[in-house]
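Colleague: Take this structure, written in structure tokens, and hold onto it; I'll ask about it next.
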Amino acid sequence: MPAHILQEISGAYSATTTITAPPSGGQQNGGEKFEKSSHHWGADVRPELKDDLYDPTYQDDEGPPPKLEYVWRNIILMALLHLGALYGITLVPSCKLYTCLFAYLYYVISALGITAGAHRLWSHRTYKARLPLRLFLIIANTMAFQNDVYEWARDHRAHHKFSETHADPHNSRRGFFFSHVGWLLVRKHPAVKEKGGKLDMSDLKAEKLVMFQRRYYKPGLLLMCFVLPTLVPWYCWGETFVNSLCVSTFLRYAVVLNATWLVNSAAHLYGYRPYDKNISSRENILVSMGAVGEGFHNYHHAFPYDYSASEYRWHINFTTFFIDCMALLGLAYDRKRVSRAAVLARIKRTGDGSCKSG
């Protein structure tokens, strides 16, 4: 990319809301204040969102957990998907180049629908997006088929607020497999339903595009996640139908799913904790490579309101680069960013001494 374009994007990057310290109230959040330009804020600079900050007052009820209730439909469908994806791997050498490029592009766009869309925009409100970008992200999110934005954001806010408890939908204390995919194969813990149902989701209920997606999600996901990626290679450049189905659809979808799941599993079990050694989330560079920038997870749980979800800008963080490009085009704005001073203070106060990001 030409240097002058990178300089323009970098300049757009600097036009952010600077958070000089975390908001009050929580294990992750001290009692300091914010700075936006020359103004000081005594509360979160995201007035529309409060329910993604850790709640240290919540504790699991004593006693044995309820018996797992398997959802056999999900188990069978996930097994079939991954069998199809494994077969797709064997077909990759026989695929046309256009099919491989198309599948990769579909993977990246789908991933952005989760990372830049469901996660950083709608779950945490770390930046704002104009209608064309929101429309792109809602389509990309539908391509990813990981539940609609409303449900994804509700589960993710519960994950942050009640992290590592039974009210956390993918509680990593229940093991790698459960936090990776097992939580999707069983009925939700009663605490997840109870606490998740009480979260304030009024910001998303008021967003017509999010609720439109939720209303028409099933036909939308069938078209965008399965029909379109299968038919385009087959119809447009003569790929075999089996290659299109197993590589462009099954393999691509399985890779996107597992890249996202690794944030919940591997990034809570393996890696450094330079920002907060008291929480399980970690900096995992391999996860960040697969999940287009979401692997700096210790930072993200320490500072969930930072739009970059990382201390280091574009370092193995394509999602931040994408958002900054959108800002250059005027489609993204009001990006929240934690100041260097606040980050260093947090490292000194609660870090594990590794002083490494990823």
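Backbone N, Cα and C atoms are what each Cβ position is placed from, and that goes for glycine too.
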Colleague: With Swiss-Prot as the source, do C95 and E239 lie on the same side of the membrane?
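Modeller: Swiss-Prot topology: C95, E239 on one side of the membrane.
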Colleague: According to Swiss-Prot, H119, H124, H156, H160 bind Fe cation 1; which one of H300, H315 is listed for that same site?
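Modeller: Candidate in the recorded Fe cation 1 site: H300.
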Colleague: If Swiss-Prot gives H268, H297, H301 as binding Fe cation 2, which of H82, H159 does it give for that site as well?
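Modeller: Only hit among H82, H159 in Swiss-Prot's Fe cation 2 site, alongside H268, H297, H301: H159.
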Colleague: In the same chain, which residue numbers or ranges, 6 or more beyond the ends of the topological domain 'Lumenal' (93-96), come under 8 angstroms Cβ to Cβ?
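Modeller: Those are 233, 237-240, 243, 247, in sequence order.
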Colleague: Need the DSSP three-state call for K188 (substrate binding site) to compare against my parser.
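Modeller: Looking at the DSSP assignment, K188 (substrate binding site) belongs to neither helix nor strand, so coil.
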Colleague: I need the neighbours of the Fe cation 2 site defined by H159, H268, H297, H301. Which other residues of that chain put their C-beta within 8 angstroms of the C-beta centroid, in sequence order?
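Modeller: Everything else in range on the chain: H160, S163, S172, V263, N264, A267, I279, S280, S281, N298, H300.
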Colleague: What number of additional C-beta atoms lies within 10 angstroms of the C-beta atom of N74 (substrate binding site)?
Modeller: 13
Colleague: For N147 (substrate binding site), what is the secondary structure state per DSSP, taken as helix, strand or coil?
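Modeller: Coil, per DSSP.
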